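According to TrEMBL:
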- 311-383: domain 'DUF1736' (DOMAIN)
- 499-532: repeat 'TPR' (REPEAT)
- 533-566: repeat 'TPR' (REPEAT)
- 601-634: repeat 'TPR' (REPEAT)
- 703-736: repeat 'TPR' (REPEAT)
- 33-54: transmembrane segment (TRANSMEM)
- 131-151: transmembrane segment (TRANSMEM)
- 188-207: transmembrane segment (TRANSMEM)
- 219-237: transmembrane segment (TRANSMEM)
- 243-266: transmembrane segment (TRANSMEM)
- 286-305: transmembrane segment (TRANSMEM)
- 372-391: transmembrane segment (TRANSMEM)
- 403-424: transmembrane segment (TRANSMEM)
- 430-449: transmembrane segment (TRANSMEM)
- 458-476: transmembrane segment (TRANSMEM)
Amino acid sequence: QIFNQHNAEAPNLEQAFHRMAQMEPNLDHDVSWFLLPSYWAKMVVALISFLCFANSYDGDFVFDDSEAIINNKDLRAETPLGDLWYHDFWGSKLSSNTSHKSYRPLTVLTFRINYLFAGGFYPVGFHVINIILHCTISVLMVDVFSILLGGLQFSNKGRRLNLAPKSSLLAALLFAVHPVHTECVAGIVGRADLLCALFFLLSFLGYCKAFKENKEGHMFSVFWVLVSVVLGAIAMLCKEQGITILGLNAVFDALVINKINLLELIRKLLYKDKSLENAGLLRKGLLFRITLLMCGGAGILYIRWRIMGTGPPAFTEVDNPASFADSLFVRAINYNYYYSLNAWLLLCPWWLCFDWSMGCIPLIKSVSDWRIIALAALWFCLIGLICQALCSEDSHKRRILTLGLGFLIIPFLPASNLFFRVGFVVAERVIYLPSIGYCILFTYGFSLLSKQAKKKKILAVAVLGILLINVMRCALRSSQWRSEEQLFRSALSVCPLNAKVHYNVGKNLADKGNQSAAIKYYREAVRLNPKYVHAMNNLGNILKERNELHEAEELLSLAVQIQPDFAAAWMNLGIVQNSLRRFEEAEQSYWTAIKHRKKYPDCYYNLGRLYADLNRHIDALNAWRNATVLKPEHSLAWNNMIILLDNTGNLAQAEAVGREALELIPNDHSLMFSLANVLGKSQKYKESEALFLKAIKANPNAASYHGNLAVLYHRWGNLDLAKKHYEVSLKLDPMAPGTKENYNLLRRKLEQLQKKGG
């Protein structure tokens, strides 16, 4: 468990190790900031991070939450827990061609626990956990920044010392209140980034514990190195970025534990200097620890590769247009422009958007594009920082800049498109971990300015102002994430060229019944992206409902022409063709939809309606039966089967189907109503009456329910009750077909009875 160095230098190295930061400049000397005890510093960070995002606690499920949580069967108790290890983040099988290969089983497990404890899809519990996670991470950042900015040193009692209390507090506050974190905290799917960050930091702190000297005088603990590898693996099972902590641990080991001068090391490697052993590479077991980290990382990646399969994720051009560009030059230029946008979001997180794809950022196709300036500025700054990190004579400066750049760049690498194509252009959530590096560089820059400034208090007030502005921006952005309407509309001013933004605003309006406004946004989405098949499908649906069938057909035909395997568009095209009485084409469209999506109950239902219109009753019943097999709670399919069997005189079969349906969906009042009609015709009046009354109790304002119950009483001879329910039915719907005639017949009969009685 404990690795022991056996050489004559060990005692001197151990003493030097405990004094590793003693002779170095202390960053806090130059920082004009508050000095608080560690406990109070963490309390302040926790409180402020909570205030930033507290107003998101009662928000809805928004945007990707629907797919990752509401529509994800892996959250439900009936799904075996073992399936989580073979499904992606969205609940699809990893082996599927449509899987995004986002393997985050531990995150999905926390969603499942949330769902079970809440007893359903209630978003408050999900949001509260996210807020708690961010507060916990922000508190841990105080310890992490104290090590990264002040170095790693332990007291004689083995307690880690905070050598930069003011700097670590400032950096932790910058991290806690950064508005770019809103997506991770206020958006429930951001749980993946939060959990990844939590175990990422625990892995780093665990690695630091490996260098806590024990009583026997050993130099480091293999146990804690292995613990850090395991925690890194857990971080990766929460989100893919987690694996990068192993590389950062190695960088930290080389720079802080071994104090390696990278430039000097490179020179010695190039010139094959025989004094390489004294450069720190072989001291203190560095190579052994790096070997453990590399083996652990390779093992983790291999296991993930075996589970995930060898196929790459399935993305489309609209997700990441630069990655589909034919020209290597265009790809390289645009990737670098994306990096500059990410850097700008860290520097100035004012323009935030839930989605940056679909034309939000047009491709740069030539060097004459003015946006080249942005990536030139990025590389000018990066090269300047790298030169300072490598060439500065100040070892303290070299260490902090290298660690800052390391934490800025290395966690971002999985999202960089360098190793594999990613499914987004810019995503604020992937900057959660790289913002650690930004906070290090900002704090170090602040210390340099403080050192030069004559009026340090003014500088401190300026930084305090930045923090306050960020807190307000976080609160504002959190409120926008509370509902889809606010979230989608907030993006219109940031990304007006993003077709997906207009699509989502339109979809939200359509869901609320505002079809006229929805059409406007769907049309704009199609204008911005003429190949946006989902916008065409939704627009075609609305036009179909408004009986604008010919334009609906044009849109849906174009959608399936662009994407021939778009099953939903084929089904909707079939519905339109059926309405246009082009039955053969409609049937062909339905079967094409089923070919591309074999388990498609709604399509079988619509196919059954087509067959019913054509009086192909057996085919209709078979289609509806298929719908109920695929989706046992498909009420409309059950209802149509009962009604068709009833209308064709198959009362016994209709009754059997009705009873089967009510066993599966016992509280469906429409099924009660249909079965009650069948039982009434079979002269099972008492049972029919009970079902009618139960249906009316569930839906008291349905005129047909009262009207048919009145007919039952009329047949049964309960004329007073029949009169009562005829009158209720006519009050609810004066134009109800047949009810008025039946009511008049009943009145004449009652009048005749009165005359006879008189």
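Quick reminder: no glycine exception, Cβ is built from N, Cα and C everywhere.
Caution: TrEMBL annotation is automatic and unverified by curators.
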With pairs 6 or more apart in sequence, are the transmembrane segment (403-424) and the transmembrane segment (458-476) linked by at least 3 Cβ pairs under 8 Å? no
Have the transmembrane segment (131-151) and the transmembrane segment (219-237) got at least three CB pairs under 8 Å, pairs 6 or more apart in sequence? no
Taking the transmembrane segment (458-476) as the reference, which of 188-207, 219-237, 243-266, 286-305, 430-449 gives the largest number of Cβ pairs under 8 angstroms? 430-449
Taking contact to mean three or more C-beta pairs under 8 angstroms, with sequence separation of 6 or more, is the transmembrane segment (219-237) in contact with the transmembrane segment (286-305)? yes
With DSSP, how much of the repeat 'TPR' (499-532) is helix, how much strand and how much coil, in residues? 27 helix, 0 strand, 7 coil
Look over the recorded stretches 243-266, 286-305, 430-449 and say which has the most C-beta pairs under 8 A to the transmembrane segment (188-207). 243-266
I'd like the per-state residue tally for the repeat 'TPR' (601-634) from DSSP, helix first, then strand, then coil. 27 helix, 0 strand, 7 coil
Per DSSP, what is the residue count of the repeat 'TPR' (703-736) in each of helix, strand and coil? 28 helix, 0 strand, 6 coil
If I take every residue in the repeat 'TPR' (703-736) and average their pLDDT values, what number comes out? 88
DSSP puts the residues of the domain 'DUF1736' (311-383) at 36 helix, 0 strand, 37 coil
